[in-house]
């Protein structure tokens, strides 16, 4: 059964995407099967907030630019957004910054979730340190079965009514586009050319971790996008492949 748990009003207000086969974007914030984490281990991770609540994740690309998912920013105004950086907790620590503008990929399609990527421009520049740091963009798609880690904030069990405030992370394995659309898994042709998957039994990013980082080594390889339920057997998490949209990110980060 498809899952979409509305935990706070801000989540309900921002939701607007329709994904392949009725599957839903990961908007309510949970890392399933993971562990509590410290921001010093994920200094590129940010919490994107609206109305005082976390609803999506993101990654620091430069002192002014945050990479996130396009579906996080549908039907929303930049003035409503806040970004917390440098904190292990989405409701405290670090700095809470305003957003001056954002840009959604021109080819983003909410019906099929292709090009699910966007950029936020902060109103003030970040100062890098132990808890605030950018992450490099992957230049190529990682190989099948590569070790990866995904991080974010949110509930730790499906249908769990509370959203923990501390950052969490989970180790997963990369599933290539070809394998993810094969009979081994349940998505078929819903996996498009701008997507990559990651999977581990009982482990996953889920709704609300949207826009957050999938990392291999020291590179951002994916942006949390969509999936079937939370850690459902046979259904990997689906991410925007950063190597595919890398040139769009670098070019647009300079121009707005």
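Each Cβ is built from the backbone N, Cα and C atoms, and glycine gets one as well.
Over in Swiss-Prot, the protein carries these features:
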- 1-22: signal peptide (SIGNAL)
- 31-254: domain 'Peptidase S1' (DOMAIN)
- 56-72: disulfide bond (DISULFID)
- 71: active site, charge relay system (ACT_SITE)
- 116: active site, charge relay system (ACT_SITE)
- 180-197: disulfide bond (DISULFID)
- 204: site 'Required for specificity' (SITE)
- 206-230: disulfide bond (DISULFID)
- 210: active site, charge relay system (ACT_SITE)
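The recorded positions close to residue 71 (active site, charge relay system), defined as a CA atom within 10 A of its CA, are 210 out of 180, 197, 210. Model confidence over the domain 'Peptidase S1' (31-254) stands at 91, taken as the mean pLDDT rounded to a whole number. When other Cβ atoms within 10 Å of the Cβ of residue 56 (disulfide bond) are tallied across all protein chains shown, the result is 35. The recorded positions recorded for this entry are 180, 197, 210, and the Cα of 210 lies nearest to that of residue 56 (disulfide bond). Of the recorded residues, residue 72 (disulfide bond) and residue 210 (active site, charge relay system) place their C-alpha atoms 7 Å from one another.
All protein chains considered, the CB of residue 210 (active site, charge relay system) has 31 other CB atoms within 10 Å. Rounded to a whole value, the Cα-Cα separation of residue 210 (active site, charge relay system) and residue 116 (active site, charge relay system) is 10 Å. Neighbours of residue 180 (disulfide bond), defined as other CB atoms within 10 A of its CB across all chains, total 25. Its Cβ placed at the centre, residue 71 (active site, charge relay system) has 28 other Cβ atoms within 10 Å. Most Cβ neighbours within 10 Å among the disulfide-bonded residues 72, 197: this distinction goes to 72.
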